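Participant: Starting off with a structure, shown below.
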Amino acid sequence: MESGDVSRMTLLLMKLFFRGHLFSRENMNLSKWSFVILTVMFSVWIPTSADSLTDLEFVKSPTTVISSLGKPVTLQCKLNGKGSEDVESPDVIWLKDGVPLEHAENNQYQVLTGSNSRTIISTLRIEKVQLPDMGYYKCAVRSGSNETFSDEGGIQLEGLPHFSLEPYHMTVVANVSFSLHCAAHGPPEPVRVIWLQDGHPLNVLTDPVALSPSTLNLTGLNRTSTFSCEAQNRKGVASSRSGTITVLPNKPQDVRAVEITQSALHLSWEPGFGGTYQIVNCSVQAKHSGESIIAGPHQLIHNQTVSMPRSSHIIKDLEPHTLYAVRVACHSSQGPSDWSPWVELRTKEGVPENPPANVTAKLNGTEVLVMWEQPSGKLNGQLQGYMVEYSTPATQQVVINTGLGTEFAINLSVPLSNVSFRVCAYTGAGQGPWAPVQTLTLNVPAEMGEFRGPSSPPAFSWHWFYVVMAITGAVSIAVFLAVYVAKLRRKETRFGEAFEPMMESGELVVRYRARRSYSRRTTEATLNSLGISDELKQKLQDVMVDRHKLTLGKTLGEGEFGSVMEGLLTQEEFVLKVAVKTMKIAICTRSEMEDFLREAACMKEFDHPNVMRLLGVCLQTVESEGYPSPVVILPYMKHGDLHSYLLYSRLGDCPVYLPSQMLVKFMTDIARGMEYLSNKNFIHRDLAARNCMLNENMNVCVADFGLSKKIYNGDYYRQGRISKMPVKWIAIESLADRVYTTKSDVWSFGVTMWEIATRGQTPYPGVENSEIYDYLRQGNRLKQPPDCLDSIYSLMFSCWLLSPKDRPSFESLRCELEKALEDLPDPQDPDEILYVNMDESSMELGAVGGRDPTGRSSPLCLKGLESVTTVEVHHPNRYVLCPQHETNRTLSDSMESLDMPVSSSTATLPLQSSCHSTPNRTPTVELLEDRNGSKKMPWQ
């Protein structure tokens, strides 16, 4: 082979090597050594000849390129050389960090610049640059024995951080620590990470946890949250994907049996902590001990879900003296907890299922040998032994415990006596069934007696037949007489006796009886006439009260949709004074009436000291209407509604300043009641001071859940065909979209707190009802009352946040108010009391026990005004104001109801009477505008 052929072959091998056609990618870890070997071969086999380019020199080297991930990058180098046209140009090889590139996409071409000179241009292009492409690049060429290298250039990447590790969806147990990881990289470095929970940052860039890679250690989580991280370098900020951390309850604890019987296990357990989510139900599973449930749930003998708050369950239909394994898992709205460990429990022993089998007997001299076998079927326990009962004509009945033996010898005191016997087995739980009585007859001379099976039943007795027939006849006659008397009585009750043969003053007297009858089916028939659903009828069966047990009195208050009346409810042993709410059916649709009864049935289930309790519902027939009118029976509230009570504390002859302790106590009572309602998933929709009642113990009860609301024209506003709404108490989102949630009740509670703090003032004075929505949209809120504590106003303001989810829950409001009430100092003995009831039996009361707005009243003088305005407030002798010298009298009843000790050494928050105030202080009187535009006093 000539040297020229060897040179061409060697060049071809080098081209194949550098272009990757000869060696695979997997073997390129030897690429450096291969390059060295080929270089040696090249230098040995190829002698310097005159047909190669000479004077090779790079005139352009690769530059340093700064780019971003995914962008195209191009590097180029140029070299000049001399040689004739028939001389082949050498290949330009690209090297990255000193290593030849295997699959580089390069483009090489040459340009003749003269008769004996040319320029070779090689271009390296990367379509989408990635992190591994970063490094130093240069070109190399070999001509003959000469190697020529270009200067080094490079590729540098800079841009937004990219994530190699991001948060992901996972479940955790409530209040159990866990960790989250996030890693981001440049270039440029460094990269710092900010963690976010539900969009809110948890750290700052200067924290140690911010340096990537970052690990966020959480000591526990009580609510489901979404976590993400933001990576930041000098090029900008990149956000990771979000991972939702779902909080599941802890597994139940203390799974045990509170009672064990032969066929049942009564289980109890402690549900695990579920964070902010209540436990909805728990699943109970049971299996035979030792069995596996891997094959499927059909291996379970019990699998049932128990609704909370019950944390106990009875597993029935079990076998006696059997070992079972049970476990429990509880569910919240977020998902199920882990199963508790299997707990093994054994049912109690039972008695044998069957009597001993194959009971036989034989005569052996002067004794009878009784033999038997173990009972067939289940023993239901540990067999303890057998009992044999026998008797002869000469002996009484004898019972013998034979132990575990299966035979027993009966000694005969009189030869050839008849023997009757039976056998049973017993366990620790007691005796099982006896085998049938058997008799061995020994009255014939023989070695073996005659054995008889179970004794035959006695012969029929005619004596007992006559006794039974006599009793049956007597019972039939009694039933016939009872039916006849009942029909006769029913006829008299229905039509009455028109005439009675009685003479008064010598004349025949006509007498009439009340045409009234009561039947247990009357309520059902009345409910059917209303056209309400069957489900609601079933609920109302438990709350319905017979109309004849209710006596209506005077009207206490009347609104647009109904009225409130005083009443007496007759119980079995006493008569109860009640408040009765009626509904004006003539102006109500059937759907409104059904809503009325539905909410009454819902109220019947309420049981809380700060929630108005429903006593019952009855239906009274109105002749003009044609169908019955529903009536709701409520407890009688001695002190009336809270709004009126607060007004009278300011608008008397000598207004009395109520202490902050009493006001905060009112707020706390309402918060407790609303917390109970919200936990019952009940939305009030009309929470205000006028809908809160004061009982005899000065405890506030939340009332008026939509049942015949007493409409205050100044507080409610009607727009078009929309029903009247208390716009100044309604949340802003409810005004806009008519959407009501528990958080809209929180808004109303904030307004109610403001009412209490201002002693009954009207919210947003000077703002019309039609303008209230725009007023709130502009960011306006109720201002802090002059003597309101900062902490109380802060709670109010949190109730009026624009976003409902940012408002506190009633539970947190109740906790904060209780804390504020505890932090308040004990009040000093006040100088005066507000009023003293003189004649409770004759006083006129308002709606549900409040003051009568239409009663006669004594004049009220507004001091400090140039013109005197008199207003009729109460009838004479209703209140007696305390004289000036009785300064030691206090509102003891009210303060005792607050459960607060009255301290004489504390000079904080006394009851300050305006009679002793400066002359410049003027009591304020609020004028409410009625539907006709005329002004009236708030108590009218």
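Residue numbers in this text run from 1 along the chain shown.
Glycine too: its Cβ is placed from the backbone N, Cα and C atoms.
Got these off TrEMBL a minute ago, pasting:
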| type | residues | note |
| --- | --- | --- |
| ACT_SITE | Asp686 | active site, proton acceptor |
| BINDING | Lys581, Arg690 | ATP binding site |
| BINDING | Asn691, Asp704 | Mg(2+) binding site |
| COMPBIAS | 902-923 | compositional bias 'Polar residues' |
| DOMAIN | 47-150 | domain 'Ig-like' |
| DOMAIN | 161-246 | domain 'Ig-like' |
| DOMAIN | 251-350 | domain 'Fibronectin type-III' |
| DOMAIN | 355-447 | domain 'Fibronectin type-III' |
| DOMAIN | 550-821 | domain 'Protein kinase' |
| REGION | 900-940 | region 'Disordered' |
| TRANSMEM | 464-486 | transmembrane segment |
Participant: Cα distance, Asp704 (Mg(2+) binding site) to Lys581 (ATP binding site), nearest Å?
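Facilitator: The Cα atom of Lys581 (ATP binding site) is 10 Å away from the Cα atom of Asp704 (Mg(2+) binding site).
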Participant: Ten-angstrom check, please: count other Cβ atoms within 10 Å of the Cβ of the residue listed as 'active site, proton acceptor', all chains counted.
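Facilitator: Step by step: centre on the Cβ of the residue listed as 'active site, proton acceptor', count other Cβ atoms within 10 Å, giving 21.
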Participant: Is it possible to get the count of other C-beta atoms within 10 angstroms of the C-beta of Asn691 (Mg(2+) binding site)?
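Facilitator: Total other Cβ atoms inside 10 Å, all chains included: 26.
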Participant: Could you please provide the mean pLDDT value for the domain 'Ig-like' (47-150)?
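Facilitator: Value for the domain 'Ig-like' (47-150), mean pLDDT as a whole number: 85.
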Participant: Can you check which residue among the binding-site residues Lys581, Arg690 has the largest number of Cβ atoms within 10 Å of its own?
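Facilitator: The residue with the densest Cβ neighbourhood is Lys581.
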Participant: Measuring Cα to Cα, tell me the gap between the residue listed as 'active site, proton acceptor' and Asp704 (Mg(2+) binding site) in whole angstrom.
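Facilitator: Distance (Cα to Cα, whole Å): 8 Å.
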Participant: Give the distance between the Cα atoms of Arg690 (ATP binding site) and Asp704 (Mg(2+) binding site), rounded to the nearest whole Å.
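Facilitator: Cα-Cα distance, Arg690 (ATP binding site) to Asp704 (Mg(2+) binding site): 9 Å.
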Participant: Near Asp704 (Mg(2+) binding site), how many other Cβ atoms are within 10 Å of its Cβ?
Facilitator: 23
Participant: Which of the three DSSP-derived classes (helix, strand, coil) applies to Lys581 (ATP binding site)?
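Facilitator: DSSP assigns Lys581 (ATP binding site) to strand.
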